[in-house]
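Engineer: After the structure tokens below, expect a handful of questions from me.
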Amino acid sequence: MNPLVIKLGGVLLESDDAMKRLFEALVDYQKFYKRHVSVIHGGGRLIDNLMNKLSLPVKKKNGLRITPSEHINIITGALAGTANKTLLAWALKYNINAIGLCLADGGSIDVERLDENLGHVGKAIPGSPLFLKKLFKEGAIPIISSIGITKDGLLMNVNADLAATALATTLQANLILLSDISSILDGKGQRITEIDSIQAEKLIMQGIITNGMIVKVRAALEAARVLRRPVDIASWQNTEKLKLLFNGVNIGTRVYV
């Protein structure tokens, strides 16, 4: 069975209830299945709250956070520090063998600067799977923040959905984009169970898919194209359904090329 990459986002990182549900589902899943699992996360809301406390501006362009050089150390601390180690702490609380990493560790994901106008925002490029495969052999779950490092040693903030796509490509894994959003919704607010690139672009043009969801959907489409398999967008909110999701059942929106 292919490895599984679970991307965490939304309010999950700030909710004890969400953490409890997620890690209970992972523990139960690992009791019955030997599939290798890797977790990757961002922490946009955590960063927004921190920036507001520091009276620093929060600016985005096409759903991507503008990250000037004076902000990258703060964002690195929030993502690779607070967010990553909070997830690691929850894993240890549930006796899960986990290790906290960033994209650069083991050369797992290469990163280049995406756009000078965005500052320290990186483009994730699939790297080497060898380090992560060694961790899998030891029975560990890598928990990876979306902070990367360029070849010339610059810290980069990478959109976590796009980082997850690169990670899934590196591992030839199935990908789940997990957040507080249960699925993509149509113009009437109803769940879309399956969507392809033509349908997605139509909903974007109509203004039904907007803002950060555009990045999420396009990341899922790119992952589906590269991996040649569908990608799931789903919510963490139902523990029982999470177990089904980890085993390949569609509980949200399944994205096809």
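Yeah, the Cβs are placed from backbone N, Cα and C, and that goes for glycine too.
Sharing the feature lines straight out of Swiss-Prot:
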type    : residues                                                               : note
SITE    : Lys7                                                                   : site 'Transition state stabilizer'
BINDING : Gly43, Gly44, Arg65, Asn157                                            : substrate binding site
BINDING : Asp180, Ile181, Ser182, Ser183, Ile184, Leu185, Ile208, Ile209, Thr210 : ATP binding site
SITE    : Lys216                                                                 : site 'Transition state stabilizer'
Engineer: Under a three-state reduction of DSSP output, how is Arg65 (substrate binding site) classified: helix, strand, or coil?
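Structural biologist: Its secondary structure by DSSP: strand.
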Engineer: Let me check the 10 A CB neighbour count of Gly44 (substrate binding site). How many other CB atoms are there?
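Structural biologist: Taking every protein chain into account, the count is 20.
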Engineer: Quick check: of the recorded positions listed here (Lys7, Gly43, Gly44, Asn157), which one has the Cα closest to that of Thr210 (ATP binding site)?
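Structural biologist: Nearest by Cα distance to Thr210 (ATP binding site): Gly44.
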Engineer: Would you kindly give the Cα-Cα distance separating Lys216 (site 'Transition state stabilizer') and Gly44 (substrate binding site), rounded to the nearest Å?
Structural biologist: 13
Engineer: Using the alpha carbons only, what distance in Å do you get between Ser182 (ATP binding site) and Gly43 (substrate binding site) once rounded?
Structural biologist: 18
Engineer: What's the longest C-alpha separation between any two of Asp180, Ile181, Ser182, Ser183, Ile184, Leu185, Ile208, Ile209, Thr210, the listed ATP-binding residues, in angstrom?
Structural biologist: 18
Engineer: Please name the residue among the binding-site residues Asn157, Ser182, Thr210 whose C-beta has the most neighbouring C-beta atoms within 10 angstroms.
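Structural biologist: The most densely surrounded of these binding-site residues is Asn157.
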Engineer: Checking the spread of the substrate site as listed (Gly43, Gly44, Arg65, Asn157): what is the longest Cα-Cα distance, in whole Å?
Structural biologist: 11
Engineer: For Lys216 (site 'Transition state stabilizer'), which of the three DSSP-derived states applies: helix, strand, or coil?
Structural biologist: helix
Engineer: Cβ neighbours within 10 Å, counted over all protein chains: which one of the binding-site residues Ile184, Ile208 has the most?
Structural biologist: Ile184
Engineer: Please report the distance from the Cα of Ile184 (ATP binding site) to the Cα of Arg65 (substrate binding site), rounded to the nearest angstrom.
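Structural biologist: For Ile184 (ATP binding site) versus Arg65 (substrate binding site), the Cα atoms are 22 Å apart.
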Engineer: Using Cβ-Cβ distances, find the residues under 8 Å from Arg65 (substrate binding site) that belong to the same chain and are at least 6 apart in sequence, listing them in sequence order.
Structural biologist: Gly44, Ile47, Val58, Lys59, Ile75, Leu118, Val121, Asn157, Asn159
Engineer: Report the member of Lys7, Lys216 (the recorded sites) whose C-beta atom has the most other C-beta atoms within 10 angstroms.
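Structural biologist: Sorting the candidates by Cβ neighbours within 10 Å, the top entry is Lys7.
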